[in-house]
């Protein structure tokens, strides 16, 4: 893909997100979501491979169905209330439809079926965009109308997402699918706190974006597409592999790393609101996710020893990224060190 085409697509992604996040009219929010969808599809299918074409088709159909549902729910609300304002969603039916549509946009269970397959059919760089930047526009809508969304539905989807994200990730060996189920589990934690404390939702989203971006950049640097690649990476990049281990443990929410803080705050707030059953299920499901994070960390550090080599790339593999990305990845990974949990 030419640099000009890539620049246009990235600009369209940014513009669509900004339009959705800054709009107060449902039609403009829908236009921004459509711009996001249409810009990411060529990036998914640029490999000209049947798997990439399948992933692009699945992504298009899912996002088109979610956008149509958003337009239908906003039209229903406008029919009953006479306004297209995003903050004035008073129809229970429209709110439920909108919650389902935004859950499908994000990849929340039980509307998660497209996310692992799309990420597996995309490149790692495209998977990074899908799991980070593409979450911003739907999350902006959720944050804007957090007071109107049905709490019971969100808590139910949160519990299903965290359980399924941890349980389904146990049997995966592909790093992109592991990150997909990691995304589903983290989105479940965000959904649980949406209507109760939107400020914690924002904090959780920011830390999720930092940790996921850091992990994907590390996977790009190590050229690791599965657990076997992670197991051979310490021989060529011991420092980067150690940072990858810290990032994985932070994603799992292991104290005293950064990822522990949002989980701690969410469980504390749920307990304060007498939602102890939900808090218990979320805490137990975090153990499932932590298991495959630990397994991936263990596989990447088991060969950390003095048997390192001075070669710059693995046998048969050429470096796929320049040193500029390394200067971005390492400081981002260092942000995962235990510097924030004491804020609580």
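Quick reminder: no glycine exception, Cβ is built from N, Cα and C everywhere.
Whatever TrEMBL says is automated annotation, not expert-curated.
Here TrEMBL flags 23-288 as domain 'NADH:quinone oxidoreductase/Mrp antiporter transmembrane'. Sequence annotations record features per position, and here TrEMBL assigns transmembrane segment to 94-115, 152-171, 178-197, 203-222, 243-267, 279-298, 319-339. Feature annotation from TrEMBL assigns domain 'NADH dehydrogenase subunit 2 C-terminal' to 290-343.
When averaged over the domain 'NADH dehydrogenase subunit 2 C-terminal' (290-343), pLDDT in the model lands at 55.
Remark: the transmembrane segment (279-298) makes no contact with the transmembrane segment (203-222), by the rule of 3 or more CB pairs under 8 A. The list of residues near the transmembrane segment (178-197) in space but at least 6 beyond its ends in sequence, with Cβ under 8 angstroms from a Cβ of it, reads 103, 106-109, 112, 115-116, 119-120, 127, 131, 135, 139, 142-143, 146-147, 149, 151, 154-155, 157-162, 164-166, 168-169, 172, 204-205, 208, 212, 215-216, 219, 251, 262-263, 266, 269-270, 273, 278, 282, 285-286, 289, 292-293, 296.
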